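For reference, the structure discussed in these notes is given below.
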Amino acid sequence: MWLEESQMKSKGTRHPQLIPCVFAVVSISFLSACFISTCLVTHHYFLRWTRGSVVKLSDYHTRVTCIREEPQPGATGGTWTCCPVSWRAFQSNCYFPLNDNQTWHESERNCSGMSSHLVTINTEAEQNFVTQLLDKRFSYFLGLADENVEGQWQWVDKTPFNPHTVFWEKGESNDFMEEDCVVLVHVHEKWVWNDFPCHFEVRRICKLPGITFNWKPSK
C-alpha cells in the first residue's frame, strides 16, 4: 500500500514540473508571432501617448485594438494605430459604420456620443477604404453639409473643405428639395456623393482620430 501511494505521488509530481515549461514555450511563440507579423493587441483602456505621457482619451471607449501599419516604401519605420474595438483603422484614423437609420443631425449626435464625428473624406485612398466597409444596398451620411450658406460645403469636424477632392455623382450637387447634407451611395458600380435632405433617415459612418505611435524595424 505504501509503495502504491509513493508511486502515485511520484507520478503526480512529474506533470506539474512540465507546466512552467509548456507555458513558457506558448508565451514565447505568441510573442514571436506578434512581432513577426502584423499584431492585433487589445487593451483595457483607451490611451494616448503625448509627450512621453500616457493619458486617458475617452471614458466611452474602454477597450482598443492596435494594428501595425507597414512602412511606406523608403521609410525607416511604420505606425501603430489603436482604435476602439470593432472600429477599423486607416492612416491614423478610426471608422465605424452603423446600420440603423437616423437623420443627419441625429447621426452626428450619435457619433458625438462616441467621442467622434460623422466621417470626413479628404483623399481618394480614404474614400476607397471607407466604401469597402459599406453595404452597396444602402446610403450613408457623411459629415458634410451646406445648411448655413447654400453651396458653401463644410465638414462637421471643421476640417477645411477641398473642392478639388470630391466624389460627386454626375450632375450633383444640385440642391433638389433642399438637399443640404451629403450621403455616400453606390450608383453605376461605384460609390459617389449625393446631396440629400438632412431630415431623411439613412445609415451613417463615424470617424475619430486613432491613437498612434511610431515603430522602427530592428536591425
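Placed from the backbone N, Cα and C atoms, the Cβ positions cover glycine too.
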Name the residue, out of Glu172, Glu178, Glu201, that Swiss-Prot lists for the same Ca(2+) site as Asn194, Asp195, please. Glu172
Please name the cysteine among Cys66, Cys94 that Swiss-Prot pairs with Cys83 through a disulfide bond. Cys94
Pick from Cys181, Cys206: which cysteine does Swiss-Prot list as forming a disulfide with Cys198? Cys181
Cβ within 8 Å of the Ca(2+) site's Cβ centroid: which residues qualify beyond Glu172, Asn194, Asp195? Trp168, Glu169, Ser173, Asn174, Glu179, Val182, Val183, Trp193, Phe196
Cβ-Cβ under 8 Å from Cys94 (disulfide bond), same chain, 6 or more residues apart: which ones? Thr81, Cys83, Pro84, Trp87, Arg88, Ser116, Lys207, Leu208, Pro209, Gly210
Three states by DSSP: which one describes Cys181 (disulfide bond)? strand
